[in-house]
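**Student:** Just dropping this structure here.
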Amino acid sequence: MAATFPGVCAVVPAAGFGRRMQTECPKQYLSIGNKTILEHAVAALLANACVQRVVIAVSPGDRRFSQLPLAQHPQITVVDGGAERADSVLAGLKALPEAQWVLVHDAARPCLHQDDLSRLLALSETSRVGGILAAPVRDTMKRAEPGKTAIAHTVDRNDLWHALTPQFFPRELLVDCLTRALNEGATITDEASALEYCGFHPQLVAGRADNIKVTRPEDLALAEFYLTRSRHQEKA
């Protein structure tokens, strides 16, 4: 029998535009196969029986989401997002007062694997702080001279990880940390950085490197390849 972790909900911030994709359509609404990237991302969350509800934070005035079949799903709630990612996540958290633990997942990350998600959810039994999916850095890392493209030095990649999503935290702790970080003008690039700012140390849960975020045009074809491969493996 699969493990169950009660009181788990999810927030998907989907109010961004993604100008690096060089399209007029926000990247989360680009299609892979017969579904949008957003639909793939949310479907991966709902495939786990522990996830009771998903709140999607969209841009005010968004007319695309309501046209998706996802908009009618009984476990989906939509709210207006904010100017920044942290604002959208907070808006989603406010719509989930019943949640004990909350996953936050990128709208443009469609290739989440269920085994990774299950191992992340297991943190609710062993941690009071939570953690994130992450992948160890494998490439040689270079730091550039400030404002230039010349190499300043090589960065030791030992103990360096790529932060992925979902990220998974107790709801009240995440609300408190995001609120404090925003009020104090801290730079928050993901949810874990808000906890770090407040003195907490979330866990790193090793995840698959093919859990990519679609950011640039070439990422779309790569995500399609990974999703197609995953479907073939499930049928095998």
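Cβ atoms here come from the backbone N, Cα and C positions, even for glycine.
Under the heading site 'Transition state stabilizer', Swiss-Prot lists R20, K27, citing sequence analysis as support. What Swiss-Prot lists as site 'Positions MEP for the nucleophilic attack' is R157, K213.
I would like each feature placed in context: is it buried or exposed, what are its neighbours, and how far apart are things?
**Tutor:** Packing around K27 (site 'Transition state stabilizer') is summarised by its Cβ count: 26 other Cβ atoms lie within 10 angstroms of its Cβ, all protein chains included. A helical conformation is recorded for K27 (site 'Transition state stabilizer') in the three-state DSSP classification.
Contacts of R157 (site 'Positions MEP for the nucleophilic attack') defined by a Cβ separation under 8 A and a same-chain sequence distance of 6+ are given as V137, R138, D139, T140, M141, in order along the sequence. Secondary structure from DSSP puts R157 (site 'Positions MEP for the nucleophilic attack') in coil.
Listed in sequence order, D106, A108, R109, L164, T165, D219 are the same-chain residues at least 6 apart in sequence whose CB falls under 8 Å from the CB of K213 (site 'Positions MEP for the nucleophilic attack').
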